Amino acid sequence: MQILLLNGPNLNMLGKREPDVYGSRTLADIERTLSTAAQAKDVQLVCVQSNSEHVLIDKIHASAADVNGIIINPAAFTHTSVALRDALLSVNIPFIEVHLSNVHKREAFRHHSYFSDIAIGTIVGLGANGYEYALDALIKQLQHS
Ligand code: DQA
């Protein structure tokens, strides 16, 4: 089984970026923890972060043949990107949406997501642990489908 972990803009700055909001763990640390957890379950995890919408879209298109599920934190694109939403719809790969912060407690413009209504589920506000919960849930979901 192969799972793609996609992280959007500014998430390469985790650890330095607003640590009171996003925590102190770096993206490399999160990816390492998740890859180890995936390996233990015989799952191959491919990790991609980009600040650019087209790189994320191209990666989703290229995943159509061999990726079984996606964990995505679209970051600021959550609230703006019809193009990224359409890319996920175009490949029909089941996905879970993750946000480190509780976007519903924050500014009004963060309350709307272009992804939540087409995701299997969403995990918000649980920090970096949210990615681990998403991996566990996605693997269980894929094993039972
Ligand atoms: C975020 C929330 C978004 O509103 C924000 O633009 C981010 C990170 C989160 O993980 O909490 O970049 O997706």
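Our numbering is plain: 1 for the first residue shown, then up by one each step along the chain.
Quick reminder: no glycine exception, Cβ is built from N, Cα and C everywhere.
Among the candidates Asn73, Asn92, the residue that TrEMBL names alongside His79, Asp86, Leu100, Ser101, Arg110 for the substrate site is Asn73. Checking each of the recorded positions Arg17, Tyr22, His79 against His99 (active site, proton donor) by C-alpha distance, the shortest gap belongs to Tyr22. Ligand 1 lies within reach of Asn73 from the recorded positions Arg17, Asn73, Asp86, judged by a C-beta closer than 6 angstroms to any of its atoms.
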